[in-house]
Amino acid sequence: MGGSFLQSWLNKALSWPGWYKWYWWLTSTKSLSIGRLVCVEALFWSLSFYVVVLLSVAYLTLFERKVLAASQVRKGPEMVGWLGIMQPFADGIKLFSKEYFTPSNSNPALFFLGPCFMLLHSFILWGCSPGIWGCGVYFFWGGLYVLSVLSVGVYGVVLCGWSSNSRYAMFGAVRALAQVISYEVMLVFLYLCPFFVVGSLDLESVSLSQVSGCNGGVLFLVLPWWVFCVLAESNRAPFDFVEGESELVSGFNVEYGSGGFAMIFIAEYSNILFLSTLTSVLFLGGGNLLGNGEYFGLISSSVIGSFFSFMVVFLIVLCRSSFPRYRYDMLMKLIWCQILPILMSCFALFLMII
């Protein structure tokens with residue numbers, strides 16, 4: 001399949017016969033109703049929010065490369081723009097302008113839908129917007145929403161690995177499935193602790209409950225285990241067995257290039273950013289640490305929430321530069337034989353205390 005990935009995707013999108021009707025309905029000025037204005041405004045703010053997320057993901061990659069370069073006593077990317085500030089955009093243009101190639105033995109439709117599913121899943125995760133600015137889009141069942149969406153993320157990895165019809169990709173997908181199932185049990189136990197303490201599934205209630213500091217001490221004890229679980233769930237070093245280069249060449253995405261690889265890359269780093277933000281809300285107070293945003297203002301809440309998210313991201317990147325890759329069988333033995341029995345006992349004791 002020739003042509004660039006971007007051109008191929010645009011051709012498929014524009015071939016849909018009904019797209020221009022929606023465009024006319026949104027942009028027409030005849031009989032402009034309040035409902036249409038609300039739809040246009042919601043669409044504008046949603047697109048603006050996701051543009052901010054994409055920009056954050058782009059500069060997260062640059063930040064990681066700079067930290068890894070500093071840990072290895074080298075300069076890192078600095079050729080494109082001032083101090084390499086335009087490097088993420090150069091990488092994105094390079095990837096999306098390359099030829100979109102489909103392996104001959106693969107399933108073309110599922111091969112294309114795999115990265116799309118991963119990117120869509122990462123965007124749906126941000127639908128709850130858990131307090132990155134202290135005034136996110138909260139709702140009462142936000143905690144259950146995040147847990148439900150997080151649990152289906154592995155399907156994109158399995159879809160990419162299976163549709164590639166490659167042994168390396170399939171082994172990476174099977175590893176991802178086993179690892180996520182194993183550590184999702186631990187994730188659920190740790191994730192529910194803040195909600196049991198507060199007595200609500202609202203993320204804002206969890207964030208505001210830590211303002212007084214009465215719950216912060218209890219939840220802070222859970223934080224190291226949670227960070228450990230986040231590293232395993234997001235396939236980050238030292239638990240990046242899904243993309244084990246020394247064993248699986250590149251894991252489940254070995255057959256992907258151009259825009260497909262870029263979409264997988266964006267989805268993975270978007271999930272890292274989301275989990276960092278979720279960590280700051282559940283265990284560090286997020287943007288509400290100094291009180292409600294109405295007292296300190298939106299800007300101060302934004303700075304505080306972003307600072308805590310940045311610190312968690314920095315810790316994740318620092319783990320990659322500091323620790324070697326763990327062994328896969330030892331990782332499985334660690335969770336099932338050591339961590340999970342201790343964690344279940346502590347969780348039962350925690351429920352009796354509260």
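Backbone N, Cα and C define each Cβ position, glycine as well.
For 43-63 (among others), the entry in Swiss-Prot reads transmembrane segment.
The transmembrane segment annotation in Swiss-Prot covers 108-128 (among others) and is backed by sequence analysis. Within the chain carrying the transmembrane segment (108-128), a Cβ under 8 angstroms from the stretch's Cβ atoms is held by residues 1, 49-50, 53, 102, 136-139, 142, 145-146, 149-150, 152-153, 155-157, 159-160, 162-164, 203, 255-256, 259-261, 263-264, 266-268, 270-271, 274, all 6 or more beyond its ends.
Residues of the same chain lying 6 or more positions beyond the ends of the transmembrane segment (139-159) and with a Cβ under 8 Å from any Cβ of it are 110, 113-115, 117-118, 121, 124-125, 127-128, 130, 172-173, 176-177, 180-181, 184, 187-188, 191, 195, 200-204, 206, 233, 242, 252, 267, 271, 278. The feature transmembrane segment is assigned by Swiss-Prot to 139-159 (among others).
Away from its own ends, the transmembrane segment (180-200) comes close to residues 140, 143, 147, 150-151, 153-154, 206, 209, 215, 218-219, 222, 225-226, 229, 232-233, 282-283, 332, 335-336, 339-340, 343-344, 347, 350-351, 354 of its chain (Cβ-Cβ under 8 Å, at least six residues beyond either end). Residues or ranges marked as transmembrane segment by Swiss-Prot on the basis of sequence analysis: 180-200 (among others).
The annotation transmembrane segment is assigned in Swiss-Prot to 211-231 (among others) on the grounds of sequence analysis.
Sequence annotations record features per position, and here Swiss-Prot assigns transmembrane segment to 264-284 (among others).
For 298-318 (among others), the entry in Swiss-Prot reads transmembrane segment.
Residues or ranges marked as transmembrane segment in Swiss-Prot (evidence: sequence analysis): 334-354 (among others).
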Folded-back contacts onto the transmembrane segment (264-284), same chain, C-beta under 8 angstroms, at least six residues removed: 53-54, 56-57, 60-61, 114-115, 118-119, 121-123, 125-126, 130-132, 146, 153, 156, 160, 191, 194, 203, 206-207, 210, 219-220, 222-223, 226-227, 230, 233-236, 253, 256, 305, 308-313, 316
